[in-house]
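K.L.:
Just dropping this structure here.
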Amino acid sequence: MRIPRGNKQTGLITLDSLKILTSRSQRSILSKAIERISKARTAMEFYEVFSFVGILRESITLLSKNGKLKAFVTTLSLLLYTLFFFLNIFSVKPLIFDLVEVVSGGSDLITLMAHVKDDLGILLVVEYIFICATLALALYTTTATIFISATSYCSTTMSIKDLVLKVARSWKRPFITGFYTTLLGIGYISVLMVTTPTILMISDNLIASKAIVIIFAILGAILSLPLTAICVLALVISVMEEDCYGIEALGKAGKLVKGNRVQCFILSLLFMVAALILYQCFRVVKNDELLGTSTILIGLFRIYSLYLVNMFQFMTYTVVYFRCKKNHGEEMELQWSTAPDYMMIKTTLLDNKDTP
């Protein structure tokens with residue numbers, strides 16, 4: 001039996017129509033999938049940018065935990081900073097007044113130079129001693145703040161005695177890490193100082209040169225923010241992990257920051273802006289009296305405010321540390337033993353289904 005041509009042609013037309021309809025439906029499904037993926041990507045980018053708000057909120061909640069430990073560390077730190085500040089003032093003030101009196105006294109050049117040399121030598125020694133004492137105190141407060149923040153984050157507690165012993169037995173690790181972070185900072189500033197004269201050669205105009213310097217300084221500050229985040233996180237790592245400090249802590253901090261660059265950048269920017277605002281607010285107050293009462297009070301309030309900002313910064317980066325560890329598939333759990341000088345951090349790999 002032969003099939004009519006009309007039916008055969010109708011069958012071919014139907015198959016072609018089905019192919020066209022199928023390709024159109026596939027394109028529609030594909031376009032919808034692409035649209036959904038783009039929306040999901042936009043939502044993820046939005047969440048990544050504004051997730052720093054959640055980190056700050058979580059850091060603020062830590063303030064209400066372990067209140068006695070925080071009050072002890074804060075009170076002791078502020079008292080010691082105040083003591084060092086006044087000792088520095090009363091040690092330096094006689095030297096400065098003596099130096100001013102000698103310079104304005106009209107002595108001969110040889111006697112004047114000898115006197116200035118002696119006073120400057122004593123002044124440098126005194127300042128060096130107080131700088132070392134201040135750095136030691138900053139190391140103590142940083143280590144203690146990180147320990148307290150970690151215990152608060154993990155909803156655990158410890159006594160003041162345990163805290164003091166742990167700080168005393170772990171200060172070497174953040175000290176070594178702080179040494180390397182200081183070298184990085186010095187190297188970065190040196191590069192900026194070497195590059196600035198080269199950039200100034202672009203223009204001979206004074207106004208244009210000032211504008212170039214300002215723009216270059218702003219760019220330098222912005223580019224330093226990721227480095228600042230890595231350095232602060234490295235200090236947290238050196239306190240939290242017994243076998244990781246120095247260059248190794250910096251390398252690990254760089255790896256942890258990779259998935260949270262935007263949040264760390266914004267947090268570093270916020271803390272830098274806060275410190276600059278506080279510094280400039282106290283700088284606006286003018287006082288012509290050398291080492292007068294208002295100058296001393298302004299100096300004290302500046303120390304207190306910068307200390308509080310620095311303390312909250314390390315609390316925030318402790319939260320960032322735990323979040324980064326979790327994002328990399330590791331769950332951190334503090335386990336305090338009966339020995340007062342021992343802390344163990346248990347690291348558990350999460351299942352893939354639990355990994356965000």
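Count begins at 1; order follows the chain as displayed.
Placed from the backbone N, Cα and C atoms, the Cβ positions cover glycine too.
So TrEMBL says this about it:
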| type | residues | note |
| --- | --- | --- |
| TRANSMEM | 71-90 | transmembrane segment |
| TRANSMEM | 128-154 | transmembrane segment |
| TRANSMEM | 175-200 | transmembrane segment |
| TRANSMEM | 212-240 | transmembrane segment |
| TRANSMEM | 261-279 | transmembrane segment |
| TRANSMEM | 299-322 | transmembrane segment |
K.L.:
Determine which residues of the chain contact the transmembrane segment (128-154) at the Cβ level, with the cut-off under 8 Å and only residues 6 or more beyond its ends counted.
P.N.:
59, 62, 65-66, 69-70, 73, 77, 80-81, 84, 87-88, 91, 163, 166-167, 170-171, 174-175, 178, 235-236, 239-240, 307, 310-311, 314-315, 318-319, 322, 332-334
K.L.:
Quick test of the contact rule: Cβ under 8 Å, at least six residues beyond the ends. What residues does that give for the transmembrane segment (212-240)?
P.N.:
142-143, 146-147, 150, 170, 173-174, 176-178, 180-181, 184-185, 188, 192, 195-196, 199-200, 202-203, 246, 249-250, 252-254, 256-257, 261, 264-265, 267-269, 272, 313-314, 317-318, 320-321, 324, 345
